[in-house]
Amino acid sequence: MFEGPLQDVIDEFSRLPGIGPKSAQRIALHLLNEEPEDIERFQSALGRLQRGVTFCRICHNISQEDVCRICADSNRDKSIICVVEESKDIQVIERTAEYRGRYHVLGGALDPLNGIGPKELNVTPLVQRIGGALPDVALGAKGGGASLGDADTPADGESSGADAAETGNAKTAAVETDVEYDEAPEITEVIIATDPNTEGEATASYLGRLLRDFPGLTVTRLASGIPMGGDLEFVDELTLSRAFAGRTAL
């Protein structure tokens, strides 16, 4: 183990996803041999990243402006929303040139074992965009409001938030948000494009139950062709194009 500033840099790089101690050490040693102006340029870029990048107030995509370029594009189909887990998934879909609607970034997927329930995701702003109201039981308690079981058939004597809304037994509450929208286009379709793994499938099923009773709204899921257990980020364009073409209703 190194000491002092070098070890501090190694420790910081080790905190980044996908970078282990050995990779962090190689990066730190490489930076140690760089010219001072290169180090300053790297530091400047990190500073600009923190100061100059924000999240779109409409879709929560990474943006340099209050509204991202996709939401600001008048040529995009405003009646369709594609729901993804992370901003990186938008980049993958855009490369296919198959989709011309707008997006909504959840900021993750349901993972109750790690304390991620609906309240930790951008579910409420999604419903706000559609123009409806949430059942007061739909979001649940922090960190545990939704379990992977919520996406499946409820146990005897129990009902999900969407089922309760369906039978009229749940109270509804207006969606509270600080976001003000310049326009409220009619949404006719929501495409669920979460990753085809356990958490992504649970999230898709949860959203399908939550949104399926909105009048005039079709909720679809990307079709087969994307391998189970994979990440959307690594799917090739042809496979993703076929998945979009063959999407089915939930």
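Backbone N, Cα and C atoms are what each Cβ position is placed from, and that goes for glycine too.
These features come from Swiss-Prot:
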- 79-227: domain 'Toprim' (DOMAIN)
- 148-172: region 'Disordered' (REGION)
- 56-71: zinc finger (ZN_FING)
Three-state composition of the zinc finger (56-71), taking helix and strand from DSSP: 3 helix, 2 strand, 11 coil
Reported mean pLDDT - the domain 'Toprim' (79-227): 75
